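Below: the structure, in structure tokens.
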Amino acid sequence: MTKKRIAVIGGGVSGLSSIKCCLEEGLEPVCFERSADIGGLWRFQENPEEGRASIYKSVIINTSKEMMCFSDYPIPDHYPNFMHNSHVLEYFRMYAKEFGLLKYIQFKTTVCNVKKRPDFSTSGQWEVVTEHEGKTKVDVFDAVMVCTGHHTNAHLPLESFPGIEKFKGQYFHSRDYKNPEAFTGKRVVIIGIGNSGGDLAVEISHTAKQVFLSTRRGSWILNRVGKHGYPTDVLLSSRFTYFLSKILGQSLSNAYVEKQMNERFDHEMFGLKPKHRAMSQHPTVNDDLPNRIIAGMVKVKGNVKEFTETAAIFEDGSREDDIDAVIFATGYSFDFPFLEDSVKVVKNKVSLYKKVFPPNLERPTLAIIGLIQPLGAIMPISELQGRWAVQVFKGLKTLPSQSEMMAEITKAQEEIAKRYVDSQRHTIQGDYIQTMEEIAEFVGVKPNLLSLAFTDPKLALKLFFGPCTPIHYRLQGPGKWHGARKAILTTYDRIRKPLNTRETEKSNSMVSAVTTGCFMLAVVFFAIIMAYA
């Protein structure tokens, strides 16, 4: 029987994992990558080509290595918990080499058009038109996986800033920022307080004369480093914390999170406190911003009302003169011009079942992979989406009816609108654990905690109270990995490894406290398990 051929569009993180997902299910992937190398967003270039995602030289990832790794390929234990972009790219190269993925990628190949074949209603096949070195080619594929991400088109709303066309200084989108030396001794306005805006404000403040960080709403600032020095995402991303948040509800959960954030620094005193609650916006992850604010190197300002030739006038009436540069850290938009009408994007919104499948196709042979902005790591979600998609392509899993999918999409969009502030940043928002657990159930790889509580209680405790790492979804079912159990039980060893660069005397009181805590957690765990039995 001839293998099904799958077109994978994009050779970034989602594309690499999708190639591997195809191979695991005996499919034949052909990946098209418009640039000359893998890595997508995480491959730094001084002058990236148009339409390609871009990062600045100093970027450090906001999710820790245990939460962002591929599910059957842990990141080396000596790597730092929060990796520089060069380490991230190096890990992707190791992954591609380990599983032999590069031979399936056609580099310097642009996908121009993807359209249904005339017999699509019965075959589900697609015609894919590509261009390589000036030559056009048409291929037929049994399914298509779109892995182009959502950081390609810079969102630059200049129409919202009257007078910017008269401004005599330099202005550009954060996509084009590379290093701080160009701003030495200058007065710089940064518009937007997302992750890029916060990072740029901190970095440029080390060379600039003054940085003004302009924010329309304000933001809650989340530390990478949490209690006792462990990564914050490791501490927050457990089934227990997710279970607890559902019991407490949004109001109490918000109150707790805001209290924790304000214990680090008072957001109101620093001029950062927004009107919305902490869990109503994607958080800004930044360890250094409050230090630069309290040192006076970064001044927080409100929204810019207008620009003059040399000044920025803010909505509160204040004015800053002699501005040399304005950087718009205003995010990105996405589209799929090569898909024609198969997937429509309206105001940065797209209708996809579980953020993967278009509901209006006669055959479920098109999947959008990685089009999500999670409260957590995106890499493991992309991988799990790919594992689900290839099962659907093979007919091993089926999707609900079109009406059922549309009803679920409408419900999901209403929930996003209810929870989050209205922003194009939140149109593809998703919760890490909820998304992973839901798709894992579709794939057949969601851990059975009730069964494990009796057969392997040590592991069950780790699965419930420990960080919900991607490796959890290799314990059972399709794609089971024999090393999963050991990798889960040694999670904290890998977290501590890069920090153990000097011997210190261990505290007995700490060991005792940990032992007591583990015992109490075990009691709580079995009480919950028995309640659900």
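Each residue, glycine too, has its Cβ placed from N, Cα and C.
Here Swiss-Prot flags Gly10, Gly11, Gly12, Val13, Ser14, Glu33, Leu41, Trp42, Asn62, Thr63 as FAD binding site. Residues or ranges marked as NADP(+) binding site in Swiss-Prot: Ser196, Gly197, Gly198, Asp199. For Arg5, the entry in Swiss-Prot reads dimethylated arginine. Among the features that Swiss-Prot reports, phosphoserine is placed at Ser54, Ser58, Ser280, Ser401. Annotation comment: Swiss-Prot describes Tyr56 as phosphotyrosine. Marked as phosphothreonine by Swiss-Prot on the basis of similarity to another entry: Thr284. Sequence annotations record features per position, and here Swiss-Prot assigns transmembrane segment to 510-530.
What Swiss-Prot annotates, mapped onto the structure for a quick look.
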residue : record                : DSSP class
Arg5    : dimethylated arginine : strand
Gly10   : FAD binding site      : coil
Ser54   : phosphoserine         : coil
Asn62   : FAD binding site      : coil
Asp199  : NADP(+) binding site  : helix
Ser280  : phosphoserine         : helix
Ser401  : phosphoserine         : coil
Listed recorded positions among Gly10, Ser196, Ser401 whose Cα sits within 10 Å of Ser58 (phosphoserine): none
Which whole-number value in Å describes the distance between the Cα atoms of Arg5 (dimethylated arginine) and Ser196 (NADP(+) binding site)? 38
Cβ density check for Arg5 (dimethylated arginine), other Cβ within 10 Å (all protein chains) comes to 18
Using DSSP reduced to three states, classify Leu41 (FAD binding site) as helix, strand or coil. helix
Cβ contacts within 10 Å for Ser401 (phosphoserine), all chains included, total 10
Using an 8 Å cut-off from the Cβ centroid of Ser196, Gly197, Gly198, Asp199, can you name the remaining same-chain residues around the NADP(+) site, in sequence order? Ser174, Ile190, Gly192, Ile193, Gly194, Asn195, Leu200, Ala201, Val202, Thr284, Asn286, Ala329
Quick check on the recorded positions: of Ser54, Gly198, whose CB has the lowest count of neighbouring CB atoms inside 10 Å? Ser54
Using the alpha carbons only, what distance in Å do you get between Ser54 (phosphoserine) and Ser14 (FAD binding site) once rounded? 16
For Thr284 (phosphothreonine), find which of the recorded positions Gly10, Ser196, Gly197, Gly198, Ser401 come within 10 Å, Cα to Cα. Ser196, Gly197, Gly198
